[in-house]
C-alpha cells in the first residue's frame, strides 16, 4: 500500500504490513468477556480520513489513520509496546480522530488500564456518536468490568442504528453478559437472535451447545456442536460432543470424538479427562 509520502514509508519500512482496510481487530476478551468479533475486521476504520494528502505536505490526518492500522495490527499480535508506540503517534497527529480514541480504548482495555480505556471510548463516542461498532466495543468493555446494565444499554444503542451491518455481534454480547449474570434463558434468547443474523457464528453456536447440554437436551446440544464444527473444531467442542453422544448412546459419535481428542488435542485438559476414564465413555 502506498502511504502517501516518503516520510511515512520510511517510518514503516521495518514494521508489519498495514492492513489494507484499516479495521479494528477482533476483540476477544476470553474468559471474562464479550466480543466485538468479526464486525471490526470488516468495518472501515478510515471513514473520517480518506482525503488525499496535500501536495508537497504531510497529511497528519491520513498518517494518524495509518498509525491506527499499525497499532491495531500489533494489538492483534499482542505486541503492546509497539502498539502503544503507533497509537501515541496517531494521537499526536490527530487528537480529534474518533478512530484514534477507539483504538486507544481497545489498547488500554487489553492491558487492563480501565480508567484510560473508558476515557478513550467515551471520547470516541463524543466525537462520532453514529458509529455502532463504537457502542458495541464500549459495551464489551463495560461487560468485562461487570457493569452489565450500562453494557446492555450500549449494545442496544448499537442494535438500534439501522446501518449496523453486524448486529449479530451485539446480540451475542447481550447474551454473553446475561450468561455472566447466570441469566441462562435470556442468554439463550440472544444467542439465538445472533444466530438468526449469522447462522455460522461459532461463539454463539458453542454457547448454545453448552446451554442445551446443561438442560439435558443432548440431541439439541449435539446439533449445535455439529453446526459449530462446520467452522472449526476445538477440544472443547469435541469433548462436549462426546459427552452428548454418550447420553444419546451414539457409539459412532463417541468413537469419532474420542479419536479427535486423542489425535488432534493430545495435550488438552479435555483429552486428559477423557483418557482418565475412557472405558466409561465407550
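Quick reminder: no glycine exception, Cβ is built from N, Cα and C everywhere.
Here's what TrEMBL has on this protein:
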{"type": "COMPBIAS", "residues": "39-52", "note": "compositional bias 'Polar residues'"}
{"type": "REGION", "residues": "39-60", "note": "region 'Disordered'"}
{"type": "REPEAT", "residues": "98-131", "note": "repeat 'TPR'"}
{"type": "REPEAT", "residues": "132-165", "note": "repeat 'TPR'"}
{"type": "REPEAT", "residues": "168-201", "note": "repeat 'TPR'"}
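Per-class residue totals from DSSP over the repeat 'TPR' (98-131), listed helix then strand then coil: 27 helix, 0 strand, 7 coil. Helix, strand and coil residue tallies for the repeat 'TPR' (168-201), in that order: 27 helix, 0 strand, 7 coil [DSSP]. The average pLDDT for the repeat 'TPR' (132-165) in the predicted structure is 97. Across the repeat 'TPR' (132-165), DSSP classifies residues as 26 helix, 0 strand, 8 coil.
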